[in-house]
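Feature annotations, courtesy of Swiss-Prot:
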- 1-27: signal peptide (SIGNAL)
- 28-134: domain 'CBM2' (DOMAIN)
- Cys31-Cys131: disulfide bond (DISULFID)
- 129-151: region 'Disordered' (REGION)
- 136-147: region 'Linker ('hinge') (Pro-Thr box)' (REGION)
- 148-357: region 'Catalytic' (REGION)
- Glu286: active site, proton donor (ACT_SITE)
- Glu378: active site, nucleophile (ACT_SITE)
Amino acid sequence: MKRLLALLATGVSIVGLTALAGPPAQAATGCKAEYTITSQWEGGFQAGVKITNLGDPVSGWTLGFTMPDAGQRLVQGWNATWSQSGSAVTAGGVDWNRTLATGASADLGFVGSFTGANPAPTSFTLNGATCSGSVTDPPTDPPTDPPATGTPAAVNGQLHVCGVHLCNQYDRPIQLRGMSTHGIQWFGPCYGDASLDRLAQDWKSDLLRVAMYVQEDGYETDPAGFTSRVNGLVDMAEDRGMYAVIDFHTLTPGDPNYNLDRARTFFSSVAARNDKKNVIYEIANEPNGVSWTAVKSYAEQVIPVIRAADPDAVVIVGTRGWSSLGVSDGANESEVVNNPVNATNIMYAFHFYAASHKDDYRAAVRPAATRLPLFVSEFGTVSATAWSVDRSSSVAWLDLLDQLKISYANWTYSDADEGSAAFRPGTCEGTDYSSSGVLTESGALVKSRISTTDDFPTS
């Protein structure tokens with residue numbers, strides 16, 4: 001139910017906003033926002049934001065801003081879908097205000113808490129674009145910007161989270177598309193110079209996810225050796241202009257706290273190489289059989305270890321139910337939205353296997369993507385246990401991820417004797433990693449998607 005804002009305010013901040021989501025290509029864009037603290041008491045306050053569309057009519061929008069003080073928290077809101085991750089707050093349009101005509105406004109409000117000062121936000125974004133306060137008219141003959149040239153890492157530089165998006169050095173939302181290794185303890189021959197050359201040049205992959213199992217003959221058997229292998233693959237990805245997702249591949253036991261000490265040791269070592277600007281840290285692959293509270297506790301103990309050495313890198317946090325945001329356990333994103341990890345510059349993992357996870361899972365991701373920064377750090381074109389590729393569901397998933405600008409890594413860039421592998425068995429004994437003769441049905445499908453031109457905005 002809509003609520004009216006109080007007429008008297010204790011503080012007001014007016015900021016112009018541009019780049020509302022939803023207008024057609026080459027539409028005039030622009031809007032303004034008025035932030036009002038309507039009441040304040042010890043440790044709490046109520047605020048409102050009035051958005052007025054100054055440009056062409058829009059359908060669909062997400063407002064973002066940063067709480068200036070670390071002690072400020074969103075408690076609950078209305079007239080929008082609200083969420084907070086660290087200090088970043090987002091509000092997405094709902095059914096009755098999702099469409100804004102020229103000159104139309106939406107009145108939003110929320111209750112917050114604070115422990116120190118309670119300053120008003122000074123900057124707002126819409127879909128990751130910094131607000132400027134003016135209307136931008138389309139050119140009579142709009143120019144066609146050529147795709148940015150250079151490798152993904154060279155173009156985008158140091159990544160960060162802005163609102164619910166992964167953003168590049170130009171503060172623009174981007175989508176990374178790439179492949180995950182299988183367990184590096186089993187498929188080392190698949191990750192040499194020849195295969196990674198083809199991944200970067202022929203597959204045009206933006207990223208390599210390095211899956212380092214902790215158990216199952218993995219890290220716990222040789223911490224120093226596996227750390228060295230991971231660092232080597234990060235360097236090889238960097239040499240080819242790809243981002244590297246360092247995956248602490250926990251699976252069994254499902255509670256990541258079982259490996260807390262190992263995680264601290266491992267991430268302290270790999271984060272010490274903080275000159276690497278192509279690294280994203282994934283701290284727990286697929287928590288399962290464990291509560292979100294326990295996963296959150298683990299994350300809040302591991303992230304400070306990374307931040308002590310590498311303060312700027314993005315960190316991906318696994319979610320319960322095999323990183324399904326709890327959907328596989330009958331929950332949804334609300335448990336994360338209402339109890340987020342107390343850290344900034346983080347994203348939340350969502351994993352799916354297309355033949356098992358279909359419309360109901362896609363229906364869960366759509367609203368979650370307006371409330372949380374999501375990264376599909378692992379997905380398969382098959383079921384979680386079977387071989388056959390579900391092409392229809394896989395395409396539906398990839399179309400959705402493209403639409404929502406959610407980054408992804410496909411399981412797996414390997415010649416494992418399983419349906420989700422990109423290559424036929426024995427491929428990694430040779431030098432061909434691209435032709436139809438070595439690709440499986442899954443490999444051919446995924447390669448056809450990630451080898452298309454990237455959309456990396458630079459202005």
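Placed from the backbone N, Cα and C atoms, the Cβ positions cover glycine too.
Remember, it's a predicted structure, so these values are computed and weren't measured experimentally.
Within the set of active-site residues (Glu286, Glu378), the lowest number of other Cβ atoms found within 10 Å of a Cβ is recorded at Glu286. Straight-line distance linking the Cα atoms of the residue listed as 'active site, proton donor' and Cys31 (disulfide bond), rounded to a whole number, equals 41 Å. The domain 'CBM2' (28-134): residue composition by secondary structure is 0 helix, 61 strand, 46 coil, according to DSSP. When the alpha carbons of Glu378 (active site, nucleophile) and Cys31 (disulfide bond) are compared, the span between them is 37 angstrom. Within 10 Å of the Cβ of Cys31 (disulfide bond) there are 29 other Cβ atoms, across all protein chains.
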